[in-house]
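One structure is given below, encoded as structure tokens.
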């Protein structure tokens, strides 16, 4: 096998004022023509750094400290910026994550393609335009000649990413580096783009490096995979071998943490190898503890949350005349009940209105019409009445983004204690502090976290703080709005386990919102599928996965990435 | 993953670790500007201790010593380093006392404008709707009028409302209110902008789900997170307020000559400029320029340090 690219013992450093951070340590990789190499790892593993180091586009003040990058027999590290610029585009193409920002919105697709072609090849004038049409056709854009005059905003996200791929191919490169090329796209489009990349790789004998955090993407497209962990490549090999029979402990735990859509597990495999941050795990006995006392739910009411004919419109464009107004129906005649102690999953693609439903229940929005009952109390008709307020206090919410859901200027203790202090649910400040400590222990952070500020914690740890804050209100109902979609897959597993344990210990009623079907399979008892603000189907989890009734549910299930390789029995 | 030492960092360690502190000790301009500002403030506030004369004590003023040039010029006397004004007051002492007054008026005016502007801005940003529209339109209208004209107007009305015999005693407060009322729309706009950003963040929504009332959310959650941009414009606003006071006083609308500020001194000196008594105007003017310049530099640095995206 001939080599297209060989990286030998590469070290990348970022000097900061806290000392030198090594983003890559002793990384060695090879890519052959016609081969897709997957570079997989979690955030901060250094996978994007490798891609940027190859084309000498490291973000300042990063630098390659040692090692060699041999591309077609020449060491790229000896190239100066002028020669490097000719390599980029002409011999190495790049595809970035976000198709929104990698195209210039002021130029037409044609202008951008032709400009790149003229820079990178000998084609000029008509020949360049003809080549642009060819490229667009190659990436599967129909009516290519007419589309040349279109602007990027006239294309959908998936089409734009196709154009970006065409741009990367403009100079007829031998190597393409794709950095998270499908992360910003919906699942259905992700599959098409991956197929396209794979086809191009075979047809043109391209070497492709695909950088991703998503094991599913790797399983679908890559020939070989390199697993990165904290700047080091811990394992390389054929995809089937690495994913089917991982040797390194990290790879094993990473793969174990990927939620399975094909069957339900009792718990997610815990990934101590990664989170091992001395979480003491000193659990409290919730039944005798303050947390378990003073439960305010009425066990005679079975339907804890009841939604009836709920409607909410958002005004997109205001106008004095009614017919000029533009509105979107975010929630369209939604009726739904959640029973005591169950986990109801709410799934749908982005923009389906699932988060809006959650916010309506939590009282962050008021519906235009319809009824919301919490523990039998109507909270819509008189939202400020004592009864409605009391009912609302039973609901707590955990948000998606762990970085914006904590007030950066408050200590963790004050964040968690806020509901306790406001409602004076303890006898004394000393008791409040003890309870905050207990809560932090219980969510696996340790009581010492109380005196720190949120920025000292990682995303997963912050999400634990959010959970502790929600528990401090002693809720009956917990709404989780994509609680793990901003987290790495290994951290996701530990947070989901924690939520599951809490739900069982406290008998919480849970509304779990996600776009991630494998996750919902593990969490939910029943699932409601949403699309365009309306509910398509509500069914018990196993029945939905086995025999979806609604056409849209079937469509969603078909789009799930195939994980056959992960199954040791099938491999 | 965060590396954590065994104990939480002390306040001092947190301060040293702070990006702003780091940016400060790595920008010489900011250090010099801060040093000059601090020296100006310390020197003027210690005026009763370090000034060679008390310009308010008639016993120390003698008209015989009036209009003396600085010590190094022919005819100058050593005990009057920067010369004397027409009434025989020592220029150096008068500048120190006058500078103190200017800085105090500036600080008080900025504080007034800040309290008013930030509260209105946060409320209108968080509550929205009609409140927002009314407050911000008032601010817009006020911003169409040049600040100094508005200050003169408010100042004039304020003086007219006060009985003649009290006018000099209350002049300082009238000036402070006039400048503060002129300043608030800047603060309101910045605070409202920051509030609109913060109010959409999930920590504010979490507070709403807990059931905290609006005033508590604004006070405890939103207000502390709007402080950064507000501090930046407060610093630049301080320089502007000092200038505004000097302008008012120069026009004879501000602080009376019996308790001189820098602006009053420049006005008095202006009458004698063509008689060749340049020092009466020159030294207060230099003091004003140095003070305002260093405060401005400090504000510029702070804007860069607190808003890395602007660079």
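For all residues, glycine too, the Cβ spot is worked out from N, Cα and C.
Annotated in TrEMBL:
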- B:99-299: domain 'ABC transmembrane type-1' (DOMAIN)
- B:20-46: transmembrane segment (TRANSMEM)
- B:101-128: transmembrane segment (TRANSMEM)
- B:134-158: transmembrane segment (TRANSMEM)
- B:170-191: transmembrane segment (TRANSMEM)
- B:203-223: transmembrane segment (TRANSMEM)
- B:230-252: transmembrane segment (TRANSMEM)
- B:272-299: transmembrane segment (TRANSMEM)
Same chain only, please: residues at least 6 beyond the ends of the transmembrane segment (B:230-252) with a C-beta under 8 Å from a C-beta of the stretch. Say none if there are none.
102-103, 105-107, 109-110, 113-114, 118, 147-148, 151-152, 155, 175, 178-179, 182-183, 186-187, 190-191, 194, 261-264, 266-267, 270, 288, 291-292, 295-296, 298-300, 302-303, 306-307
Which residues, given as numbers and ranges, are at least 6 beyond the ends of the transmembrane segment (B:272-299) yet have a Cβ under 8 Å from it?
29-30, 32-34, 36-37, 40, 67, 69-70, 82-83, 85-86, 91-92, 94-95, 98-99, 102-103, 232-233, 235-236, 238-239, 242-243, 246, 262-263, 265-266
Among B:101-128, B:134-158, B:170-191, B:203-223, the most Cβ pairs under 8 Å with the transmembrane segment (B:20-46) come from B:101-128
Long-range CB partners for the transmembrane segment (B:203-223) (under 8 A, at least six residues beyond its ends), listed in sequence order, are 118, 122-123, 125-127, 195
What residues in the same chain, six or more past the boundaries of the transmembrane segment (B:170-191), come closer than 8 Å to it by Cβ-Cβ distance?
101, 105-106, 108-114, 116-118, 120-122, 124-125, 135-136, 139-140, 142-143, 147-148, 150-152, 154-155, 158-159, 162, 226, 229-230, 233-234, 237, 240-241, 244-245, 248-249, 254-256, 259
